[in-house]
Amino acid sequence: MVSESHHEALAAPPVTTVATVLPHNATEPASPGEGKEDAFSKLKEKFMNELHKIPLPPWALIAIAIVAVLLVLTCCFCICKKCLFKKKNKKKGKEKGGKNAINMKDVKDLGKTMKDQALKDDDAETGLTDGEEKEEPKEEEKLGKLQYSLDYDFQNNQLLVGIIQAAELPALDMGGTSDPYVKVFLLPDKKKKFETKVHRKTLNPVFNEQFTFKVPYSELGGKTLVMAVYDFDRFSKHDIIGEFKVPMNTVDFGHVTEEWRDLQSAEKEEQEKLGDICFSLRYVPTAGKLTVVILEAKNLKKMDVGGLSDPYVKIHLMQNGKRLKKKKTTIKKNTLNPYYNESFSFEVPFEQIQKVQVVVTVLDYDKIGKNDAIGKVFVGYNSTGAELRHWSDMLANPRRPIAQWHTLQVEEEVDAMLAVKK
C-alpha cells in the first residue's frame, strides 16, 4: 500500500510553486485620473488611425474641422438669440399699454413746459415779474411823426396836400436806418394814389412835395385822407412804418392847415382781391414762336365811381429787366368781367425761352388821367407757384396751347419780384 502511494507520487509531475511578487502598491486601486488618461489616449489613438484612413490632405481636414466648429457656434448663437427675443417680446407685451401712456404724458408735460417757458420769455421781454399784473397796458411803440399841410382851392375844386417832412422814424434796415417814402390817398375809393420820392438811409427825411386831388367841395366831407409812411425795399414787399387818417369833415378849409401828427400802427387790411385773368400759352420750338392768347378776366376790382372799370390788358416780353416787345388788347367798357380772346405772337429762339418772362398787366382805361393798373402777373423765368406750373406745362407740351387762370397781384409786389436776378 505504501509502495502504491509512493509509486503514484513518483509518477505525478512535479508541482512548481511560484511566488508572485506584487509591487508595493499593488493592493491599492488604480486612481480615477489614470483611468481617464488611458481612455483618452485610446480614443485619440483610434481617432488618429481613422483619420489616417481618410484620403484627404491634412489642410483640408483642418479646414473642415474649423467650418464644423463655426457652424456649431452659429447654431448656438441663433438659439440663444431666439430665446432672448421671445423673452423681450413677452416683456414688451406686458408693458406696452403703460409705456405708451407714459410717452404721451411726457409729450404733454414737454408741451406744457415749453408753453411756460414761452410765457416766461414774454415776461422777461416785457419786464414783468411774478408780482406784476399782466393786464397793464403796454407802452405804445414810437413810430415817429409826420408834418403835413392841407388847403382847398375853391376856384378849381382841388384839395392840396403837402407832405413836408418826417422825424424820429424807427430803423427798419440792418444798418440802423430806413428808406422812407409817403403814400397819400383818399378813402373810400382809393383810386387816386400819390407817392413821394424815396429818401435813402435816413430817419428824418425832408420831402417838401405837394399833391392835388380834384374833388368837388360838396363831396369832400364824405372822404378821409390817409397818409402812410413806408420803408422801401428793393427785393421784397415794402414795410409800412405807420400812418394816420384825417376825416375831411373835421378840417377847417377857411385857412391853410399845417401840423405834426404822430404815426400810428397801420390797421391790418385783408388782402385786397384784384380779380383773375385767364390766358393760354403756346410755344413752337422749331419756329421759335411764342403765342399768348388773352381769353378773359373776372371779378376785377372796381376802379370807376360807378362801380365798374374799363379794363384792357398789356403784355410785355421781358429779359434781364428789359422790355423786348409790348402788345395790348382792346378796351372793354363798363365791365368787371371782360372777354377778349385776342392772340399775340412773339419771336423767342429756343435757346432764349428759359430766360424770358411774359408780364400780363390788367389796367383801367381813363380818358382824362393816367391809366391805373388793377393787377399784374408774370410767367417764365423766376416765376413761382401756379405761374411756374403754367410755363412748365407749356414747355412740356410743345405746339399745344395751355390755358390757365391766374390771380392778379399788386403791381408793386410783382415789380419787386421782376427786379430780383437769380
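Numbering starts at 1 and runs along the chain as it is shown here.
Including glycine, each Cβ sits where the backbone N, Cα and C put it.
Bear in mind that the values here come from a model prediction, so they are computed numbers and not experimental data.
Residue with Swiss-Prot feature N-linked glycosylation site, selected from Asn25, Asn382: Asn25. It is 22 Å from the Cα atom of Asp233 (Ca(2+) 2 binding site) to that of Asp372 (Ca(2+) 5 binding site). Comparing CA positions across the recorded positions Cys76, Tyr230, Asp304, Asp366, the one lying closest to Leu172 (Ca(2+) 2 binding site) turns out to be Tyr230. For Asp364 (Ca(2+) 5 binding site), other Cβ atoms within 10 Å of its Cβ number 21. Taken residue by residue with DSSP, Asp304 (Ca(2+) 5 binding site) is part of neither helix nor strand, so it is coil.
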